[in-house]
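> The structure that follows is given in the form of structure tokens.
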Amino acid sequence: MLDILIQYAPNWTEHTTWLVIVAFIFAFLVSYGMGANDSCNDWGPAVGAGTVKLYQAYILSGILNVAGAVLLGYKVVETLRTGIIEFDIFDVYAQYNATTNQYDTVDFCGNSTIVGGWKAPDILPGAAPLECAKYTSIDFMLTQTASLAGCAAFMILSSCYKIPVSATHAIVGASVATSFYIRGNVGIKWGEIMSIVISWFISPIIAGAIAGALYYVVKFSVLIRQDTFKWALRLCPIFMCFTLVVNLYACIFDGSKYLGLDKLSAFEALLVSVAIGVAGWALLTFPLKNWLPNRAKKLFDKETIKMQKRLESGKAPKGHKITDMREPDVAENIKELPWYKYFWAYVPEDRLTKKVFNTLQIVSSSMLSFTHGANDTGNTISPLLAIWLCYESGYAFGNAETRDDTQLLLGYGSLAMIVGFVTLGHRTIKLLAHEMTVDMSPISGFCIEVGTAFTVLICVKMGIPISSTHCTVGAVVFVGMAKSTSEGVSFGTFRKICFFWILCFPMAAIIGVGTTMILQQFL
């Protein structure tokens, strides 16, 4: 127990400034690692499909990650900050001793005051001393700082090896391990932790099932038709409407209190979402009816010229670095197979048809980037926010949603993610775009992103901190199999990713506990 080393007077946190600075550094590194790793899930398929350039992904990711974090991130912050450990095990009571003019640590006092706000009352000149106050002990600040260290180390290491891993997985593992080291088994919500862990295994299956089902819809409604370009143009407005309704409903219902969306009922949120979705459909169907095919043909012509120049210069077409997967077989009369064989047969995607889905993928990638900011920034900010609240007020568990500093910290985490994405993100993008599946196209990328965004956004609204990485990888695997069974997925790469997933929890835990031991020496 470290409590006995501290006199819990109202201004006791002034002696922990150095620990807060360390926490901010570790939090920046966690967000940096997440940007270098998790943010690649948003734009990896789009960059791999050639829908956006890498620099365009940097710009869009920066804007949308910050927006998602600031508007919706506080919900997951609350779940991670208060949902996995009984925080009252870190409560400490300080009673004023009029004889010694000091504060004595006591087991409990019935009339205790929870000290809150920016500064404790009797720090102010002339304020009367508190009879008895409840604080969050320095032990908690220590465990949360060490948790950030464990998560940061594993995220950056995984990014260097270009393996997409879960920051949620790492931060929960480190938090549980450090709390267990300091307080033992007391207060750990094993039931909540098990539900979160189960969600890590279920979420990729759910995201994969949604993404795979959507690809089958495209396969049967567009790809097996004689004129795939015509059918893509017909159905693109409907797909756009569906994408907008699903994503906007998840954002609007119980949404940002800053925009007043939290006051809308479920039905009202659905009406607004459907209205915007229908507007998107109408826009592509009427005013932009000619714009969509013209844009597709323009992109097609640019790509054709680029390919011709490459061939004229003697450069071979770009290949894949996949050694355990062959190109899918294509039947001679692919459009004349019995309907049921299309569930496993590879159907080539016409180049011009793929350009129609280019617009859809930009929208789906943007939606996914927004959800990433809403969900994953909380992984960094939940420990940092608790440390900050404890430092400013002495108590770590006040209402975070109503505080302006919560949004500032979410912005801090988002900016660090952007730095990580820009400097190191290209490595993980390369794996998702070129080493896990043979053909990452705008069609498959659109299905992957909608499946991932739908799963993540629903879980965000429920306050469940799932891993967008797990969802994206699951969606890539299922869509690859929907394209042509096992031939569409590099299972060697997938096994390597799963191996790192297994290492994530224990590695983050070990580093977190080791950091705790080191920080103890300075208290």
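Each Cβ is built from the backbone N, Cα and C atoms, and glycine gets one as well.
Please treat TrEMBL annotations as automatic predictions, because they have not gone through curation.
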> Have a look at 143-162, 163-182, 383-402 and point to the one annotated transmembrane segment in TrEMBL.
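Going through 143-162, 163-182, 383-402 one by one, TrEMBL flags 163-182 as transmembrane segment.
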> The transmembrane segment (409-429): which same-chain residues, six or more beyond its ends, come within Cβ distance under 8 Å?
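Those are 24, 27-40, 43-44, 47-48, 54, 57-58, 61-62, 65-66, 69-70, 73-74, 77, 156, 159-160, 162-164, 373, 376-378, 380-381, 384-385, 388, in sequence order.
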> Flag the pair the transmembrane segment (194-217) / the transmembrane segment (270-288) as in contact if three or more Cβ pairs fall under 8 Å (sequence separation 6 or more).
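As far as Cβ distances go (cut-off 8 Å, pairs 6 or more apart), the transmembrane segment (194-217) and the transmembrane segment (270-288) do not touch.
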> Decide whether the stretches the transmembrane segment (229-250) and the transmembrane segment (441-460) have at least 3 CB pairs under 8 angstroms, with pairs required to be 6 or more apart in sequence.
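They are in contact.
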> Which stretch from 270-288, 441-460, 498-519 shares the most C-beta pairs under 8 Å with the transmembrane segment (163-182)?
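The stretch with the most close Cβ contacts to the transmembrane segment (163-182) is 498-519.
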